[in-house]
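> Structure incoming, see below.
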Amino acid sequence: MDNVFDYEDIQLIPAKCIVESRSECDTSVTLGGHTFKLPVVPANMQTIIDETLAKKLAENGYFYIMHRFQPEARVNFIQDMHGSGLIASISVGVKEEEYAFIEELAATNLVPEFITIDIAHGHSNAVIRMIQHIKKHLPNSFVIAGNVGTPEAVRELENAGADATKVGIGPGKVCITKIKTGFGTGGWQLAALRWCAKAATKPIIADGGIRTHGDIAKSVRFGASMVMIGSLFAGHEESPGQTIEVEGKKVKEYFGSASEFQKGERKNVEGKKMFVEHKGSIKDTLIEMQQDLQSSISYAGGTKLDAIRNVDYVIVKNSIFNGDKVY
């Protein structure tokens, strides 16, 4: 793998604009038979999403994935979402008790629309077994499996029955896998996405390394159907993290799923904690993301998201910000 690149090394090249206004551009995307306003999903992390925010996102036409760090609350969550006429989208791990949980859902006919198998190194026999188990007991649930970073992994998980794969090993802002283990897609996440997307026959979710709204468009260009974002969604009014004051500024905590803050112990730690500036309402961020993506579509010369997939690009090593600090 020579010649890899990441988000900041790429510029997309404009094509002739065919709209009068960017508001004519449609940012919606369909996944698992459901249509969502944006190809974006907040990360299924404890400081990014909780039940209240999940409900709010679903009510407003956005995709969400509930985290798996309160496993005992999942049955009630599915019932609650379905009771409100909303989709249920949950996460599971691969431990023994998760097998029983899936069987329990099947036995009580509680069928979540989306189930994400969420582990750090998704190219594993454990994940393949879990995909097969879910598909056997809940064949109508859309299964997202991850995380992976290679075409072989994408092929194997798709062949096992995954309906989508999640790509990204350690590129996230609060992920330190790359430092602790020497492995991952940190620093070349966009190239890894492209490499995986070429092998994929089903949707890919790009996960990690997004630092600007332009990175969403770049992810779509290189094959993502959906883009998972953590740090840009952290620190909002609705974010579950604690709000505290540091030097007179309001900040919120944001930590990785494999951090000691998540686990409650220092064992196999591959995540860290940081404080992010309080950003106001998540609604404003979602609207801004949509407007920026509408602009991206207009620069791509189309009216729909797919237009972005066909544009040319250049690799400009570490120069696109011209010294500007954007994050």
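Start at 1 and count along the chain as shown; that gives each residue its number.
Each Cβ is built from the backbone N, Cα and C atoms, and glycine gets one as well.
From Swiss-Prot, here are the annotated features:
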type     : residues : note
ACT_SITE : CYS175   : active site, thioimidate intermediate
BINDING  : 204-227  : NADP(+) binding site
> If you measure ILE204 (NADP(+) binding site) to CYS175 (active site, thioimidate intermediate) at Cα, how many Å is it?
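Cα of ILE204 (NADP(+) binding site) to Cα of CYS175 (active site, thioimidate intermediate) measures 20 Å after rounding.
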> For ILE216 (NADP(+) binding site) and CYS175 (active site, thioimidate intermediate), what Cα-Cα distance in Å is obtained after rounding to a whole number?
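Given the Cα positions, ILE216 (NADP(+) binding site) is 19 Å from CYS175 (active site, thioimidate intermediate).
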> Work out how many Å separate ILE210 (NADP(+) binding site) and the residue listed as 'active site, thioimidate intermediate' at their Cα atoms, rounded off.
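Cα to Cα, ILE210 (NADP(+) binding site) and the residue listed as 'active site, thioimidate intermediate' are separated by 13 Å.
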> Check each residue in the chain of PHE222 (NADP(+) binding site) that is at least six apart in sequence and keep those whose C-beta is under 8 Å from its C-beta; list them in sequence order.
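In sequence order, LEU190, LEU193, ARG194, ALA197, ALA206 meet the Cβ cut-off.
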> If we count other C-beta atoms within 10 Å, could you say which of the binding-site residues SER219, SER225 has the fewest?
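Relative to the other binding-site residues in SER219, SER225, SER225 has the fewest Cβ atoms within 10 Å.
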> Here's one to test understanding: among the binding-site residues ASP207, SER219, SER225, whose C-alpha is closest in space to the C-alpha of CYS175 (active site, thioimidate intermediate)?
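Checking each of ASP207, SER219, SER225 against CYS175 (active site, thioimidate intermediate), the shortest Cα distance is to ASP207.
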> Identify, in sequence order, the residues in the chain of HIS213 (NADP(+) binding site) that are 6 or more apart from it along the sequence and have a CB within less than 8 Å of its CB; answer 'none' if there are none.
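The answer is LEU232, GLU288, MET289, ASP292, LEU293.
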> Near ASP207 (NADP(+) binding site), which residues of its chain come within a Cβ-Cβ distance under 8 Å, counting only those 6 or more away in sequence?
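ALA43, GLY146, ASN147, LYS166, VAL167, GLY168, GLY172, VAL227, MET228 - these are the non-local Cβ neighbours of ASP207 (NADP(+) binding site), listed in sequence order.
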> Enter the number of other CB atoms within 10 angstroms of the CB of ILE210 (NADP(+) binding site).
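Result for ILE210 (NADP(+) binding site): 29 other Cβ atoms within 10 Å.
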> I want to verify one value. Collapsing DSSP to three states, which class is HIS213 (NADP(+) binding site)?
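Looking at the DSSP assignment, HIS213 (NADP(+) binding site) belongs to neither helix nor strand, so coil.
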> What does DSSP assign SER225 (NADP(+) binding site), in three states?
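It is coil.
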